[in-house]
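A.B. asks: These came from TrEMBL, pasted as-is:
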- 12-32: transmembrane segment (TRANSMEM)
- 38-62: transmembrane segment (TRANSMEM)
- 83-104: transmembrane segment (TRANSMEM)
- 124-150: transmembrane segment (TRANSMEM)
- 162-185: transmembrane segment (TRANSMEM)
- 212-233: transmembrane segment (TRANSMEM)
- 245-264: transmembrane segment (TRANSMEM)
- 284-302: transmembrane segment (TRANSMEM)
- 314-339: transmembrane segment (TRANSMEM)
- 359-382: transmembrane segment (TRANSMEM)
- 436-455: transmembrane segment (TRANSMEM)
- 467-487: transmembrane segment (TRANSMEM)
Amino acid sequence: MHKSSGKFQSFKIMIMIVTSVFSFTSMSNAFFLKGYSAIPWFIFSALVYFVPYCFILSDLTGTYNDQAGGIYTWLKDSTSQKLAFVTTLLWYCSYFIWMIALFMKTWIPLSILLFGKDLTQEATLFGLPTLYVIGFLGILLIATISLVILGGFHNILNLSYFSGRCMLILVAVMAVASLACLGQNQGHFQESFQLQQLLTSHGEFQTTAENLSFFIFGITAFGGLDTVACLVNKTGSAQKSFSRLILISGGIIIAFYMTGIFLWGAGIDLASIVGTDNFHLGNIMYGLMGQLALNVSAGFGLSAQLTQVVLQAFLRLTALTLFSAYMSLLSIISFGPLQSLTQSLQEAKLGLQFRKNQAGMPVAPVIFQGVALAIFVAGICLFQDSVGSFYNQLTLMTNISRSIPYFLVALSYPSFKRLYPQNTSLPFLAKKRVHYGFSFSVMASVLLSISFTVYEKIAAHELLNAGLLVLGPVLFAILGVLLFRYLKRRNQILPSN
C-alpha cells in the first residue's frame, strides 16, 4: 500500500512538472506561426537548450533534494553567496512582476468557460468599469492562492494534478477529433504534409528574422523547469526520484509538442486560419479548437444545432484547461521563487526567523507577498495612466531578468561538478566534455535569446524599450548588491565563499 502511494505521489509530481512546462497555448501558437516547420525548430531548441538544462537540473536536484534554497542553494555552493543572493532577488522580482499580469489575465478563460465569451473586453461589468471588476477579482484570487499555499505543498500538488488531468483530456479530445478528421478525409491531412514542409514555413513567420525569433519562442516554450525544480524539498517520499522524474517529464514534454503539431495538421488546414483578421496569438488556441470542432462536425454531417453544441463544448473545455493551468502556474510561481528568496534571507541573521505553520509554510512572507501583489493590482486598475504605465515599464525591465538566472546556473554547472563529480544515476555527467558541453549549450541559447530580444526592439526603433530591457536587470542587480553589502556591513550575513 505504501509502495503504491509512493508511486502515485511520483506520478502526481511528474504531472506537475509536465504541466508547469508544456503549454497547449505554445503548441497552438507554434502551428499558427510556422506550420509543420515548427517541428525541426522545436527539436533544435530542445537539443541545444531544454535537454541539456534538464540534465543540469536533474543533477542539481539529485544533490540538493532536501534543501529549500532552490536556485540560491545551487549557486551559493558553486559560485559565491553574494552572486547567489543577487541572482535570487533578480529571479524573484521578475516572477513577481509576471504574477501581477497573470492574476488579471486568469479571468479571461473563466469568462469564456462560464459565459461563452470574453466579458473582460466589455466597457462595464455589473454596472462598474470592467477594469475595476477585474482588479477586485484579481485581489480575490491573490487571497485564494495565498491560502492554497499556506495550506501546504499538497494543495499545490493537487491543483497541479487537476490542471494536468484537464490538459490531458484536452489533448485527448484534440487528438481524437484530429484523427477523426483524418479518417473522414481518407487518410489525408487537412494541412497537406510533405517532407519539405518541415523546412518551409506555411504559417505567419516567413523571414529569416522571424525564423530566428521562433527559435527564441521555442526556448520560451520549454521554460519554467527551474521554478518547479525549486520545490524538490517539499516532495516527501519522491525526493530521491525527483531528478529522474525531471528527465522522464522532459521526454514527455518534447513528445507532446512534436505530436501536437502533427495532430493540428491532421484536423485543420492552416490556410483557413493564417492571413485572417479573426485570429492572433492571443486567441489562436480557441480559434484552432473551434475550427477543429467545425471540421469534425461537418465530417459527421451534424446539424447546425449539434455543431454549435460541439463547438461550445470544445471552446469551454479549452477555457477550463487554460483556467486550471493558470491556477496551477500561479500556485507554483507564487511559492517557488518566494521559498528561494526566503531561504537566502534566513541565512542573514536579521533576528527574523520566518515562522512556519503546521503545514511547513512561511506565513509572513506569503502574506507580505500577497499584500504587495494586491497593492499593485489595485494601483493598476485605479490609476491606469500612472501606475499602469509604471507597471508596463517594469514588465519590460524584467523580461530579460527571468532569463539571466538560467544563464548563471548553466555557467556555474562545471564548478558544481568539481564539488560533486559523482552522480550514480547519471555517471556520464562527470565527463568534462559532457558537463562543459551542456553548460555552453544552455549559455549560448540564453545569450542568443537575450541578444535577439534587444535587437528586435532596436530594429523596430523602440530605443526606449530596448534601454529598459537592458536597464532592468542592471538595476535589480545593483539593488541586490547594495542590500547584500548593507546586511554584511552590519555583520548580519554569513561570510561569503
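Just so you know, the numbers here start at 1 and follow the chain as drawn.
From the backbone N, Cα and C atoms, a Cβ is placed for every residue, glycine too.
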A.B. asks: Might you confirm whether the transmembrane segment (38-62) is in contact with the transmembrane segment (162-185), defined here as three or more C-beta pairs under 8 A between residues 6 or more apart in sequence?
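C.D. replies: Checked: the transmembrane segment (162-185) vs the transmembrane segment (38-62), no contact.
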A.B. asks: Cβ under 8 Å to the transmembrane segment (124-150), counting only same-chain residues 6 or more beyond its ends: which ones?
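C.D. replies: Contacts of the transmembrane segment (124-150) (Cβ under 8 Å, skipping residues fewer than 6 from its ends): 103-104, 106-107, 156, 159, 327, 330-331, 334-335, 357, 359, 361, 363, 366-367, 369-370, 373-374, 377-378, 380-382, 384.
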A.B. asks: Contact between the transmembrane segment (436-455) and the transmembrane segment (284-302) is defined here as three or more C-beta pairs under 8 Å separated by at least 6 residues; is that satisfied?
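C.D. replies: Counting Cβ pairs under 8 Å (6 or more apart in sequence), the transmembrane segment (284-302) does not reach the transmembrane segment (436-455), since there are fewer than 3.
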A.B. asks: With the transmembrane segment (38-62) as the reference, find which of 212-233, 314-339, 436-455 contributes the most Cβ pairs under 8 Å.
C.D. replies: 212-233
A.B. asks: Using a Cβ distance cut-off of under 8 Å, indicate which of 12-32, 83-104, 245-264 has the most pairs with the transmembrane segment (314-339).
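C.D. replies: When the Cβ pairs under 8 Å are tallied, 83-104 comes out ahead.
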A.B. asks: Where, among 12-32, 83-104, 212-233, 245-264, do we find the most CB pairs under 8 A to the transmembrane segment (467-487)?
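C.D. replies: Result: 83-104.
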